[in-house]
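I have a structure here, written as structure tokens, and I will follow up with some questions on it.
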């Protein structure tokens, strides 16, 4: 995957840590009743949960991963500078202001407007700063791997998501009461969500997976990245047109939104079929926990995408669409993220600590860093809880949803503990931690070139 001594992103672990805390925060809010299927998703308390998950968890997770793996995908180095840590600080601070703004709106406070403006002024440049750095390396290396265009499209969708979100925040703040902004606020949420969840997060995840999954599975490279990129590009262009005409031709806009969803669903179907082929053709024997734990995520990706495309094309009830979105966000994006972190965190830790010692002294196996058996139990509990919670949303069963999300929160907390144990090397024998050895920092890479432990001699 990465050669010994390859550069490690110093702040990727910090992005992961902040992301996991925001995920747990959002799930705790759901467990304590901040939102239920009987509550409108536009309620300010619901928006606190939504943005804690989308920006706090998923965006930070994806940016942290891309800071490490965009150079792997392209074979190029990221631009020099401190945009990574400053971007992290700005995103966290901006999100905190955004959540505070929603809280003040819920309380009817006059201070909400100013806080929302401050959130936009902090979040937008922070996302732009990090996004531009990633865009530059991905653009220069766009021909190095067939999946690079997928991540480029994802970065463009991030820009669209941030732009729409900024307009919404400015409108909610009361700074602008222009009728065009108010109408866009009322009609633009599906476009905002589609660019963010479908365009930005899903296409970025798929793009990175085209490089990493064949390595994890020891399978042949997947061949249809270009076809999927073309279809995804068409889907996002149609979505952009639908967004642009939503103010003047709302009915046509909804038709185009449904058409974009259908094209996107076909692209996802092609991706899932190619994944099945990669799994079947793998040269690795028993699956490690990150790959066996990703299978439900891929299944729920296909299911939830089909549900969303069907729902948008047939005007089903809001509970059906909410259930599909929940399954997409937690079953697909969150499930895949948690499963792959069980590989990425131990791998980056092993590279940092034991990479320089390889061939010079005995080193633990990568699989020794994480308890695959325990992690598999927590992952399956997580997926089961997500499916039940989604069913409860579709049926508007508040009580069942509350029970399911409590189990979901518990399993997430257990997986976070497993990741901390892996990063702190708690699962390996003490004999492996003798000099020359330095325990890694929990939230950043001290050894960025695999030689912080010095010579093994």
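Yeah, the Cβs are placed from backbone N, Cα and C, and that goes for glycine too.
Below are the features I grabbed from TrEMBL:
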type	residues	note
TRANSMEM	46-73	transmembrane segment
TRANSMEM	85-105	transmembrane segment
TRANSMEM	117-138	transmembrane segment
TRANSMEM	150-172	transmembrane segment
TRANSMEM	178-206	transmembrane segment
TRANSMEM	227-249	transmembrane segment
TRANSMEM	255-273	transmembrane segment
TRANSMEM	294-314	transmembrane segment
TRANSMEM	320-342	transmembrane segment
TRANSMEM	375-397	transmembrane segment
TRANSMEM	403-422	transmembrane segment
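Give me the structural setting of these features: burial, nearby parts and distances.
If one looks beyond the transmembrane segment (117-138) by at least 6 residues along the same chain, the residues whose Cβ comes under 8 Å of a Cβ in the stretch are 55, 59, 63, 66-67, 70-71, 73-74, 76-79, 81, 83-84, 86-87, 89-91, 93-95, 97-98, 100-101, 148, 151-152, 155, 158-159, 162, 165-166, 169-170, 173, 175.
Remote same-chain residues near the transmembrane segment (255-273) are listed as 190-191, 194, 198, 202, 206, 224, 227-228, 231-232, 234-236, 238-239, 241-242, 245, 298, 301-302, 305-306, 308-309, 312-313 (criterion: CB distance under 8 Å, separation of at least six residues from the stretch ends).
Nonlocal intrachain contacts for the transmembrane segment (320-342), taken as residues 6+ away from its ends with a CB within less than 8 angstroms of a stretch CB, comprise 16, 23, 37, 41, 53-54, 57-58, 61, 193, 197, 201-202, 205, 212, 289-291, 293-294, 296-298, 300-301, 303-305, 307-308, 311-312, 370, 372, 375, 379, 382-383, 386-387, 389-391, 393-394, 408, 412, 415, 418-419, 422.
Same-chain residues lying 6 or more positions outside the transmembrane segment (403-422) and placing a CB less than 8 Å from one of its CB atoms are 16, 20, 23-24, 27-28, 30-31, 330, 338, 341-342, 345-346, 349, 369-371, 374-375, 378-379, 381-382, 384-386, 388-389, 392, 442.
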Same-chain Cβ contacts of the transmembrane segment (375-397) under 8 Å, 6 or more residues past its ends?
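For the transmembrane segment (375-397), the list is 37-38, 289, 292-293, 296-297, 300, 319-320, 322-324, 326-327, 330-331, 334-335, 338-339, 342, 403-405, 407-408, 410-412, 414-415, 418.
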So which residues does the transmembrane segment (227-249) touch in its own chain, when a touch means Cβ under 8 Å and the partner is 6 or more beyond its ends?
146-147, 149-150, 153, 156-157, 160, 164, 180, 183-184, 187-188, 191, 194-195, 198-199, 203, 206, 256-257, 259-261, 263-264, 266-267, 270-271
